[in-house]
Each structure stands twice: as structure tokens, then as C-alpha cells.
Ligand SMILES: [Zn+2]
């Protein structure tokens, strides 16, 4: 006897606790005793043997290498950012994919200033990137090239609207705060609006 979840499971998603089910095909366990999916697919619970596995689906909506992604920053790690995918090649994506990108993309000036190439990101930042790899069913993006990086962000202090003031700085129109960021060449509210429009 088995039960199949209709919804698409994404890499890293929790599918069971180890007390409930043992991890089968395409799963892995985290130290807290959580069984997680290692791929994109359908979760199948074998209720008799108490094993959970993920049946891989070749979803046509899974991005390909070279695809352009627009999404928002949902989580930050020391040198990585996790990005919730909203658009793939300007088409709205309902799959709820998450992609990851290296935050080590700062300019040479950043290295001189901070001794590090780590770019600043905040939760909710709208970013554009290009898919460079799908290793282990994880969507890896690059934000390095000039078309990629921060597409639009609200002020990190007051949440106000921001405008670009130089190649790598934005300024809040409300409180005047400046911030150094890795900007896409067409940074701004208008560009994000165009993406929203195209994706409909
Ligand atoms: Zn502000």
C-alpha cells in the first residue's frame, strides 16, 4: 500500500521525519532526523514498509542551463543566496523552484574595501541570474555578468523606493540611504515592472 503526493517536491524539501518513514530513493537525511527530497519529483509513501521515496519527474518547466531567471532572495548563507524562482525566460513559473547563487560576485573595489568579493543581499531583493548548472537537481545561477544581479530592491532601512546612482550604488528616495550592491545593468522599478508584464 502506498500513497502518492500529487504536488511536486523540490530538492531540500522535508518529506517526513525519520520516526515516521525511512528515507528511500532520492532522499537524504539531515542531522535533526528529517528526511528530505534530493530531487524534483513526486513523493511516494510506502505505508507498509514505512519508506518514503521521490519518483523523479522530468518536469518541462524545470529551467535549463542558459535560461534567465528572475526571482527574489528568500534566504542567505555565508557565501550563498537562495532565490525563489518567479520567472523563467520571462514566463511566470508556478513550480516554486529555488535556485542558489554564489554571493562572491563583488567588484574589485569591494575587495579593496572589505577584502572580500561578497555582495550584499537582503531578503526580498529581486534578482536576475542565468542558469549555469543543474548539478544534483539544484538550479545554480550566476549573477556576475552585467545583465545579472540585483534588479530591484526596496530600501533596507525604511522600505522606500530606490534609484540607481552609479554602477554599483542605489539610493533611497525616502530616507536618502545609500547602499553598495551588485546591480543588473537595467536596475530599477521599471525593469521589474516589464518582467511582471511580460510574464502574464
Ligand atoms: Zn530608506
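For all residues, glycine too, the Cβ spot is worked out from N, Cα and C.
Feature list (source: TrEMBL):
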BINDING   155, 158, 172, 175  Zn(2+) binding site
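Positions of the features from TrEMBL, shown on the structure.
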| residue | record | Cβ within 10 Å |
| --- | --- | --- |
| 155 | Zn(2+) binding site | 20 |
| 158 | Zn(2+) binding site | 12 |
| 172 | Zn(2+) binding site | 20 |
| 175 | Zn(2+) binding site | 11 |
Once 155, 158, 172, 175 are set aside, which residues in the chain still have Cβ within 8 Å of the Cβ centroid of the Zn(2+) site?
154, 156, 157, 159, 160, 162, 173, 174, 176, 177
Per DSSP, three-state class assigned to residue 172 (Zn(2+) binding site):
strand
Specify the secondary structure state of residue 158 (Zn(2+) binding site) as given by DSSP, simplified to three classes.
coil
